[in-house]
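Feature annotations, reproduced from TrEMBL:
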type	residues	note
DOMAIN	1-361	domain 'Aminoacyl-transfer RNA synthetases class-II family profile'
BINDING	75, 76, 77, 102, 118, 122, 271, 275, 276	L-histidine binding site
C-alpha cells in the first residue's frame with residue numbers, strides 16, 4: 001500500500017520539522033502586520049481556468065458534483081483575488097498557509113509534489129510605487145536568512161521590461177506570453193536550447209529571437225538599469241521605460257533595507273504565470289551547505305512572486321481593479337533541504353512537547369499517578385504517563401530518554417507519606433524533592 005503518486009505521509013519527526021519551519025515563516029509574516037485568511041480547497045473550474053498560462057493543463061479538474069464543475073486550487077493567489085473581488089475588499093495585507101494541488105510530474109527528491117503547502121504573503125491596495133514590492137523582497141530575504149539555508153540570490157525583473165524587449169526586438173504581441181514561458185527556462189537550459197524552442201516550437205523569426213537573446217542574457221544591478229535606460233531602442237518603448245523607472249526606484253528602497261547584496265536584476269526571469277503585470281522575483285539557493293554528505297540537494301527556486309494588478313478585476317463584474325503584489329515561499333523545497341540536513345547530522349528531533357513524565361517506583365500506585373497528572377494538566381503543564389498499572393521505574397525513565405522528555409515527577413510510597421514529589425532531571429539524574437503543600441523544594 002502507498003499514498004497517491006506525488007503525495008506522501010508525514011511521520012511525527014517530519015511533521016515536527018514542518019511545524020518548526022512553518023512557524024518561522026508565519027512569524028515573519030506576522031512581524032510585517034499580515035492577517036491570516038483561509039479559502040476552500042475547491043474552487044469553481046471557471047475561477048481557475050485561463051489564469052496560469054501553459055500551466056492551466058496542470059489543474060486537477062473534478063467531475064460535475066451536485067451541478068457544479070469544480071477544480072482543486074492550483075495556488076493561493078487566484079483564490080485570494082476571487083476573495084477580494086467577491087467581498088469588495090480594496091485594501092488588505094494577508095498571509096495564507098495551505099495545501100495546493102498540481103497534476104504535475106512529481107520529482108519528490110527535489111521537493112516537487114502534486115499535493116504541497118504554499119506560504120503566501122500579499123499586499124492588496126492602491127499605494128505609491130515599489131514600497132509594498134520592496135517589502136515583499138525584504139520578507140524573502142528575512143526568511144531565507146533566518147532559516148540559514150546557505151547562500152542565495154533573489155532575481156528580479158519586470159514584465160513590462162520583458163514585454164518592451166519583445167516589442168523592440170520584433171516579437172508579435174500575441175506571442176509575448178509563449179515567448180515569456182520559454183525565456184523563463186534560461187536558468188535551467190543554455191540559450192541555444194531556448195533559442196531553438198522559440199524558433200522551432202513557438203514559430204518566431206530567428207532574427208527577432210537573436211535580438212531578444214542580446215537582452216535576456218544580461219544581469220546586474222543599478223548599473224544595468226541605468227545602462228538600459230540609455231538604450232536607444234528600449235528607452236523609446238513606453239512599457240520598458242516605465243518598468244525600468246520602477247526598477248530603479250525598487251533598488252533605491254532595497255538599498256535602504258540593506259539587502260541589495262543578495263538582489264540581482266536578471267532579464268531572463270519571466271515566471272510563466274499569465275497574471276503578472278509588473279515586478280517579478282524569484283529566490284534561488286546558490287549552493288547547499290552540507291558538510292555531512294557529498295552530494296548537494298538540487299531544489300531550484302525556493303520563493304517567488306510579483307505584481308498582479310489585473311487579476312482582481314477579472315473577477316469583478318464591473319472590472320474594478322485592486323493592485324496586488326505578493327510572494328510565495330516554496331516550503332516543500334526548503335523542507336527537503338532541512339530534512340536531508342537533519343538526517344545527515346544524526347540529530348534526533350523531538351516529536352512532542354511533553355515537559356514531564358509522571359512516574360512511580362513501586363506497584364499499586366496508579367491512583368497517585370492519575371491524581372498528580374490531572375493536577376499538572378489542569379495547571380497547563382504538558383505531562384504524560386505510561387498506560388500500565390505497575391510499570392517498572394527503569395522502563396518509565398527509558399521512555400523519557402527515548403522521547404526527549406526532560407523531567408520525571410516520581411511519586412512513591414515514601415513521597416506520599418512525606419507529602420512531596422521527587423523531580424528528576426532525566427539527563428543529569430539530579431533530583432529535588434518538591435513539597436506538594438507549599439511548593440517549596442527540599443534537596
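Note that Cβ sites are derived from N, Cα and C of the backbone, with glycine treated the same way.
Annotations in TrEMBL come from automatic prediction, not curation.
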- Task: Please list residues from the chain of residue 118 (L-histidine binding site) whose Cβ is under 8 angstroms from its Cβ, counting only those at least six apart in sequence.
- Result: 75, 76, 96, 97, 98, 99, 100, 328, 329, 331
- Check each residue in the chain of residue 276 (L-histidine binding site) that is at least six apart in sequence and keep those whose C-beta is under 8 Å from its C-beta; list them in sequence order. 159, 306, 307, 308
- Determine the mean pLDDT over the domain 'Aminoacyl-transfer RNA synthetases class-II family profile' (1-361), rounding to the nearest whole number. 90
- Residues satisfying Cβ distance under 8 Å from residue 77 (L-histidine binding site), sequence separation of at least 6: 120, 122, 275, 308, 311, 326, 328
- Note on the structure: Residues near residue 271 (L-histidine binding site) by Cβ (under 8 Å) yet at least 6 apart in sequence within the same chain, in sequence order, are 180, 184, 280, 282, 304, 306
